[in-house]
Amino acid sequence: MAPKKKEDKDAPPPEDTNPYGVFVSVTMPSATVVLDVQDDAAAQRETHITLNIPGCHVPWASAHTAPSEGGVYQYSVVKHFRRSGGQDGLLQLINGVLTVTVNDSATNAVLASATVDQLQGFAIGQNTWSTEGLDLVPAAEVPEGVPKARSARLAFASIALQERPLPEGADAAALAAAPPPPEAELPPLLPYSYVSGEAAEKGNMVELVVSGLSPLPPNLQAAADAAGGKLHVTVGLALPGGGPAVAVSLAVAGGRVAAPAFRRELLPPGCLQALQYALEDGLPVVLEVARYVSAEGMADPAFEGYHAAAAAPALAAGLGAAGATEAAAEGLSLTAWAASGAKTCLPPYTAPAGKPKPVEAEVPPAGTCLWEKAGAQLAVSLRFARPVVPAWRPPPPPPRPLLELIPPRDLTPKPPPTTAVDEFKAKVRVIARALAEEYKAVLPPPDASVAAAAAGGGAEGRHKALIFELNRSGKYAQMRDSLKTAVVSLVREKYRKSGSMSPNEMALLYNDLYGSLLAAVHSSLNDLVDAAAARPRAPPPAPVPDKQRLGELLELAAQAEAMGDTDRAELLHQRRLLAKNDAQVWYEYGTYCLRRGGAKRGRAEECFREALALEPAHRGALLALLGCSVAAGRNTDPAYLESAEAAAHRLLDVAGRSSLDAWAALAVVYRAYGEAKRAELASCEQEMARLEKQQLAAAAAAASAGVSPSPSYGEGRAGGNGGGVPATEPSTASAGSVAGSAGELQARSFISLANTLLESLALPAEAALALELAAGLRHWPSVGPDTRTLHALAGALAEQALARAAGGGAASAAAEAMLTPGSSVLSMMRADAGEAVSSVAAEAAWRCRLLVAQLHKARGATDEAIRFYQSFIAITQQHAPSTPPPPPPPPPPPPPPPPQEYIEAARSSGRLAEVPLSAWLELAEAYAARGQARFAADVFLLGASARPGCAVLWRGAGRCFVGAEELGPADMALSEANVLDPEDPEAWGWLALVALREGRAEDAEKALAFGLRCGLGDPGLLLDIAAEYRAAGQRRAEQRVLQEVAVKLMPESCSARLLLARCLVAQRCGAEAAEAVAAARQLAAHEDDEAAVAELEAELRGMA
């Protein structure tokens, strides 16, 4: 027996013929190959296609095929390459390429080839690729006797990742060992993916390409030769933010590294968010270079000398741009790895066991970088299958733009409609001008002598001649006919149809018509005379209030609203609406309706729509309509959110695409939509981050150049175009922002929007929504303390407003919770106790004192409320500029209680004008509730010194002086209030009361008359006036006042009817008194009332 041949260890393993598993299917039906041949016989040479994909040990070859007409080879290639599953199989495929060659079948020489690098799509869930037409590159050299290919082109090529699952219950090992059945008997191949659905949707793939690394250190090639070629240089990259490391191994041969070379790795969805944030924040990208020896028995003592780092900021900058997938960096210098301080991603060097031979005899000193000494430079590129930082997609436009929902109104004045009288007057003017020209034509020349002028009968003769000529020429008839037509039109317009009328009635009609026509003729002739004399008539006064009066009415309305007099505030706003073409007037009335709440919310939206119809670019109205629509969409009908979206897009167009505030408003709208608009919200946040980075860079550049930031740095802060959006204070908007961290400007934009929604528009829930977005920013943990303080203050104010809106015990419960020791409100209030306190913290502490006072008032703790109100006012002196104090109003107050020392200190402060009107009113009300009218008057006077034009403060001071029985100061304060607001009915009423107590009955009568005419409706004040009349014995005047109270103001009050009845009884007016007593009998609700009624009835019977 012949001995068995020794098996060839290098022989490739046989092809895997298992018909079940994962397959890469390649389809190539035909190709057109043009050969460079001289005769037809050579043109019929057979060729075949070979395919080689990662994992193939031997390229697969198709059947030999002869060409058909036109050099078309019908290869009909459909080849299924079985590959292993799992991540190892996927990494093998994506790090390789499909190689296609057209070979000469006789010699197997390569005629043309192509490389298809499309297997990488399998990493992100793509399982098919195809192309119509694939050009192959002809081979430059072929063996002798083999024709060259001039061109080669595949008609079609496709790659598909498929799977044929095992039959249920089948034995995988037995099926793999058995001969494969025919293809027709096998189950069909199904689409397959190496990655899960989530990874296919959100995963990514990274590719690191090393383009070059040169020059090499001098001893590197010698070390590679000593290691027998088993030495390689590895370039690795640890992606910022986490994720797998990417390492490319480069062989060393011929004095250079084998480049370019690449390596691809999978990026799971879990690490992409951190990678995105790292690229957006510009975290450094550091490449690591190291040398490894894999030869057995050899060590590398110079490992640290070849261990280097290369910083690549261009990679981070390029890939940090939105939508970028690839970035390259060239000329990267290498330095010692130990000096870089970066975290290594390549495996550490481990010396082999035993006594290995060093691959390089010379060991460099510690800290030496041989790459740096050689001047080596690295060139790499980094590519992702999908953008790590998503491409910014602008939010889609709203279904209907706002200009379509609210079309702009044409304010061009329209000419008044013409009437028959106007046409008649126009005819008269035309005829008058024509007659004037005729008369002018017959007049003698100016330089004619008296005899010449008297010739022909003089003026009378010329007049007769003119009449004759007008009749002869027919001009008179034309004038008469034209007037006749106008008169007929006038009669038809004015008298319609006369019907059957008597001669007397017709005579009256003719007389009226004649009078009308004569008046029209005189009016027309007078207009002609006035125009000729250049003395036009003065236009009638405009019925619309001017700007100054509109401002005065707005201030008075705000004062009435602060006092709780909503009826008068509504009346004053309605008077301002006489300026119906002023968008700002409609906007301010809409904000008032929003603050009123309830049924007024619908009217507020109508006002904002009217303002936008008048002025489509009114930013305040746009933001107000946005807020109203968001509130309605969240609480009632989500369809309102479409209107809010349209308003937000319009605001973005008006404010400019670089306005952070406008983008913040749009983000609030998308946040109100919820998950339905999550992608749009992310788009807004992405654009805001880009704008912030741009503005911070511009501000930093300006600061480094010693130039103040341009206005665009704070663009969008002010309301503009009609106001309505208050500008953020410099201390809260831009101070420290340049040096601040990322996210600072974005957070400030949301906080500014929240303040506007809260304070100007009374929309606390929507303000809380904006604050949620601020706290949800990615960089919120790193924002500065001032921004956090502003956010906490706005949140506390929103919480307080929501509790007030809830009503009932919610306000008291919220006050208790906010006043808990350690709460954010108390912490902010005490934040100004140190020495180095920022202006923002000081402002917040001052504002929190007022908030704490209001919270104590809400929970019924009057004493505590007074203490913090006084503290709020007192702190104004600590931060006030040194300005001379206003003169204190007379008279000087008596010694105050202990807390009053703060008011005395604040009196000389120039910042008292910043104290809101509500604080003065609430503090005075707290004193009045304790029965300390004199101290309440002091508060009113101090407030009036800070706001000398505020009528309600003077009126409050006068009222408190009346309560303290100081009539002189009361009269002075009330007179000042009356001058500032002559239409305030309560000021007139209190003036009447003071006059009565001082014995000035005539002045009291006039003041009371004016007060009643202006709508005096305070029953208590009127009853006090009636009591003064009673004390003075003026029963008739008392009766008038009591009738006003009993009939108009308190028609359901039994006591008012009884007072009126007693007054009438005192005047012996039995019948009227009986009616009043009868009405009181019907209104009597308890025994005391019935007893009083019975007493009066008995008295009336005694009168009878």
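Cβ from N, Cα, C; glycine included.
The annotation compositional bias 'Basic and acidic residues' is assigned in Swiss-Prot to 1-12.
Residues or ranges marked as region 'Disordered' by Swiss-Prot: 1-20 (among others).
Sequence annotations record features per position, and here Swiss-Prot assigns region 'Disordered' to 400-419 (among others). Counting same-chain residues at least six beyond the ends of the region 'Disordered' (400-419), those with a Cβ under 8 angstroms from any Cβ of the stretch are 493, 581, 609, 612-614, 616, 622, 642-643, 646-647, 649-650.
As annotated by Swiss-Prot, repeat 'TPR 1' applies to 583-618. Confidence for the repeat 'TPR 1' (583-618), expressed as mean pLDDT, is 93.
Per Swiss-Prot, region 'Disordered' is recorded for 706-737 (among others).
Sequence annotations record features per position, and here Swiss-Prot assigns compositional bias 'Gly residues' to 716-725.
Swiss-Prot lists 846-879 with the feature repeat 'TPR 2'.
Summarising the annotation, Swiss-Prot assigns region 'Disordered' to 878-900 (among others).
The feature compositional bias 'Pro residues' is assigned by Swiss-Prot to 882-900.
According to Swiss-Prot, the feature repeat 'TPR 3' maps to 917-950. Shown for the repeat 'TPR 3' (917-950): DSSP residue counts in helix, strand and coil, namely 27 helix, 0 strand, 7 coil.
Summarised by DSSP class, the composition of the repeat 'TPR 1' (583-618) is 29 helix, 0 strand, 7 coil. Counting residue by residue with DSSP, the region 'Disordered' (400-419) contains 4 helix, 0 strand, 16 coil.
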